[in-house]
Amino acid sequence: MANNQHQDEPAASGPAAICVQRAYHSIMSKRRQAPNSGTTSRTPSTSLTRIAVAEAESERLDPLHPSEFKPDSSKTVLYLAYGSNLCKKTFQGTRGIKPLSQINVQVPSLRLTFDLPGIAYTEPCFANSGTRDPDHDTPSARQPVEETPLLSEPKRGPYRKDAWHKGLIGVVYEVTSEDYAHIIATEGGGSSYQDVLVDCYPFSDSNPRATVPQTPESKPFKAHTLFAPSVPPGTEPPKRGGRIQRPDTSYAQPSARYLNLIKDGAAELDLPYEYQDYLHSLRPYRMTTIKQRIGQVTFMAMWAPPILFIIFVLSKLFADKNGRQPKWLRDLSGAIFKAAWASYDVFFSKVFGDGERTITDRNEGEKLDQSRETRSDANVEKGVS
């Protein structure tokens, strides 16, 4: 029964699954509003009883095998979400997931990254999680910790996309196993993502103004999350299987649209203001030249038709009842996305400019410095007179 509510959303699985599905979400977010977007209903907090059950099961739980996962209507799954899945419009609206309960958590063993490739010039990258060593990931002496974090305008200092050093901040949703099967199908179907169990620490203080601890002290519980690890630097990605990976996984900037989903979700969930400040400090990709805009139109004209054909035609025709694609379609998806990025590297980036990161306008910076010097000189002259 739960599958019926998702039948209009095509699934994607395989090496390019994440890119295909996120591209679908990007397209659909511009074509329609999420169902029930006018409602203000709030998902209840996960009960202490359910958390206690998760704590008791922690020693017995094993990671699931996404490609073999079969829904069990008698069970629920605790699923750690981050990125755009924080946003109600995306998770409950566009994707049709209906959480039974939720609880905000800190996950010291993971960190937020933006290393999943998307579509050049339009959606350069998407959020992912990476492993983190809590003992070695600490703020430097030049990066003091704010003791009383408040939401404010982002400071225009040096850009540090990896400036957060307190682990992944997210939400654990309690979902039906049918909904979790749908999440698996739309996030890779087992070929791109691995299901992993991670220790999640509920916040001791639910007040979002409270400082996020460097080391959480609450009692953890296990939750499932889907993890797409990157290939270590200097190692070639596998030619078959795995996920698409850019040469520099920290280079690309997410689009303003995608970043806004994450920021909106963090605000909806009342995540710590300290973390929201970090999210607001992230700078989105923006095109600054006419050549880039021409490149965007040309790139989409070349690659949108095959991508949309996979999303709206082949996925619906050949996906199984759980939304998983056959291997040949997964391979085709991967080949198309790899070809798209190869064309970007060989041709588009050289002819039309950067489609992953905002081009810094040096003249603008020089003019700003000159303007400041002029104002400073004028103030000095006024003081003398």
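Every residue gets a Cβ built from N, Cα and C, even glycine.
Automatic, uncurated: that is what TrEMBL annotation is.
Annotated substrate binding in TrEMBL involves Y79, L80, A81, Y82, G83, S84 plus, out of the candidates Y201, Y251, Y258, Y273, the residue Y258. A simple way to gauge crowding: the CB of G83 (substrate binding site) has 24 other CB atoms within 10 angstroms, across all the protein chains here. Rounded to the nearest whole angstrom, the C-alpha distance between Y258 (substrate binding site) and E187 (active site, proton acceptor) is 16. DSSP assigns L80 (substrate binding site) to a strand segment in the three-state reduction.
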